[in-house]
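Engineer: Feature table excerpt (TrEMBL):
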type    : residues                       : note
DOMAIN  : 17-161                         : domain 'Glycosyltransferase family 28 N-terminal'
BINDING : 24, 25, 26, 143, 185, 240, 334 : UDP-N-acetyl-alpha-D-glucosamine binding site
DOMAIN  : 233-355                        : domain 'Glycosyl transferase family 28 C-terminal'
């Protein structure tokens, strides 16, 4: 245990930390991974979460036994223009300002040791309150191009933790930025060890994962004439909200027989807003799950979007993947996120020009390397599996001075 952490334990009694952010899994789960590491190093720490009503965190955080305060928030409608956009922006700013004042009053008598904001406008009120009360502010930026909220908050932050290499002009020169990589869950770190090791540990873990997800019957079925042991599993996921484009391409290529997939099973994560496919002996659709560690345990390769968290998970696990950046991402940041894995056995596709023929060609190419140890190791070297631990220790080191 590092000296800075020992100093923290001597100078803080039952420290209290607030985490804020969410909306999508890409913002929520990296912050949860850091919270888990802070709790691991400092078992006496107490936590609270600040999120938004009606968003993912309102369901997930209470399940973890963490107190949560959900605010009524409204982001600016960037689809509007002119006066309508100005009106939307002023309304949003007013709501955020009132929420910030409310939190500042709440924390004034017992300020947190630190506030960790994981991106998006959901974390802005808590960050504004922390700035007013001079509470150490830590900003997590998952993407290669920061969003507006984090760009505004960065100059006031004690530290900005960058999940991907940033462009030189990403933040103000006043920002104190450290490239840590994006945090992944501890369960995925253990899975990484199994994927990179020789032995039967992964096989046993897969049996347990299939049982936990209720997929034992699906995995026990043979595929055509091949045995289950000779087959591979492809996970298709478009993020916590889903991706109909990926589902459409998969459906079309399966129907036409363009995929050389006789020995391939498919697990389709349809997401909360995505379209599912009809279950068969070779394909099963699941809704969004927060047990991605179990899903990844079953996977040999994947078809994914290029959200920052997904890229971090693919890299950490050494997971051969077809990566299809979402063209609607702000400033095209998903395409830049995906560049972390250029030069590996992952393949990055352009959804605007991709046809079913191109989809099937690249699928077959990636599938061939799914069990190739060299391909797996080539991807895994790009990962930063210790990011959550490194961020947690930085937070503890810096808050022990206050």
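Every residue, even glycine, has its Cβ placed from backbone N, Cα and C.
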Engineer: How many other Cβ atoms sit within 10 Å of the Cβ of residue 25 (UDP-N-acetyl-alpha-D-glucosamine binding site)?
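Structural biologist: Summing over all protein chains shown, residue 25 (UDP-N-acetyl-alpha-D-glucosamine binding site) has 24 other Cβ atoms within 10 Å.
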Engineer: I need the least crowded one of these binding-site residues (24, 143, 334), counting other C-beta atoms within 10 angstroms of each C-beta.
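Structural biologist: Lowest Cβ count within 10 Å among the binding-site residues (24, 143, 334) is 24.
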Engineer: Let me know the model's mean pLDDT on the domain 'Glycosyl transferase family 28 C-terminal' (233-355).
Structural biologist: 86
